[in-house]
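See below for the structure under consideration.
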């Protein structure tokens, strides 16, 4: 693996020295790494006792807040506002530390700053075994950094490969694992490892890669309350606020464990997790954790674990793949795969690319809601887009058990989020079947329950049903879609607002949110017209 200059120099010197045995070499290397750990930690500012005490109190309040599950959208919005206020106070107290580990970038785009470090990163990647002949990193308006073709690339041509040793996953820093036997999502393990490497600064072997990562993101973790308010009433609102709640809770757990549940760590490598605890105690702050989680959310890919097994083979774990993750998204097909035999990620061109054009990859089938919340962008040409509608059986419905038996046969949950689709389908078969079951009379339920093997017919648009039943089904869908669209009708001057925003700098998030609203409204409006036409028929 390519390493920074200091680490390379150190390694060469060690190789040149005669060694009497492996133990001596190992002890020497450990001593150097221990010294580097201490150097990295000592370079960071420490908070005084008063600020630490205030932070401890705020983190306890934060944990108490996020433990409460909001009962409805209004409560969820109120909780989000309280959460943002607490995080604001926490970030003010942590500011000296934040400036050290996540230095503020000026209002000008940070891509020029990153581009200045691209040369060092490209050399590091090449030394580490990345093969990217025909590609280079460049600035593209509207994308920041991306990959540019330096020669014509043929469709299906292998254009990029990244070896396992240059793929950052939770298995790289297992000695830093803070959580012991606690089960944690793989992407959060990776985010924690990235926190550690960021704190290690110049002593991290991943420094050239970290230096070219964005300084901030357009993910929901960076939204202001005013920006989040633009999502209220949309399908993305609950998911976005839930994401903020989960990450705040995880940060608070890490903070509490490091500062109120354990003694100060010396970073003793002989004790599992001590190095991680050591760096967490010295460098963890919310801005750093938010950055690390956003980095993972926007750039991760899954690779097979080399240490963990599942019932179906190697467990899939989250990973950051340097150089490959510079490629931006365009609709198409997935052309990136991990080759187990050669232990590398391989990427082919999904289309022919001319010299000087941007090289794109396809991130996979995701709705714009998912792209917005987890990737920080939306795709106006997304053919796989959809809008979720939450539906559920009533607990007070005397016929709920019969409805449930039909839904069980259809593998549809009794309370579920089901899809409204773009043209030409509009209503997913699962949503249509659910509403058909939901609007059945007692007699109709008896008829369908008497032969559950026929339940699959309810998934088809041309299923033979009584006219009054179909009318009730489409009327329900029409009414529900009108309610969902009502939230957009409140914004009568949205087009004017977009034009005004386009004339200002630094409005990327607002423009993205208005685009998302327009795309969701378009799907719902198309489905409403479709439902109205079917009701009339």
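A Cβ is built for glycine as well, from the same backbone N, Cα and C atoms used for every other residue.
Feature annotations, reproduced from Swiss-Prot:
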BINDING   114, 143, 144, 145, 299, 325, 326, 327, 328, 329, 375, 376, 377  S-adenosyl-L-methionine binding site
COMPBIAS  1-12  compositional bias 'Basic residues'
DOMAIN    133-364  domain 'SET'
REGION    1-50  region 'Disordered'
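Spread of the S-adenosyl-L-methionine binding residues is 20 Å (greatest Cα-Cα distance among 114, 143, 144, 145, 299, 325, 326, 327, 328, 329, 375, 376, 377). Less than 8 angstroms from the CB of residue 328 (S-adenosyl-L-methionine binding site) sit 140, 143, 146, 147, 358, 360, 361, each of them six or more residues away in the same chain. In the three-state DSSP assignment, the secondary structure recorded for residue 144 (S-adenosyl-L-methionine binding site) is strand. The Cβ of residue 114 (S-adenosyl-L-methionine binding site) lies under 8 Å from the Cβ of 144, 145, 211, 212, 213, 214, each of which sits 6+ residues away along the same chain. Looking at the domain 'SET' (133-364) alone, the prediction's average pLDDT is 91. Sequence-distant neighbours of residue 377 (S-adenosyl-L-methionine binding site): residues of the same chain at least 6 apart with a C-beta under 8 Å from its C-beta are 218, 329, 371, 512. Around residue 144 (S-adenosyl-L-methionine binding site), taking its Cβ as the centre, 16 other Cβ atoms fall within 10 Å, counting all chains.
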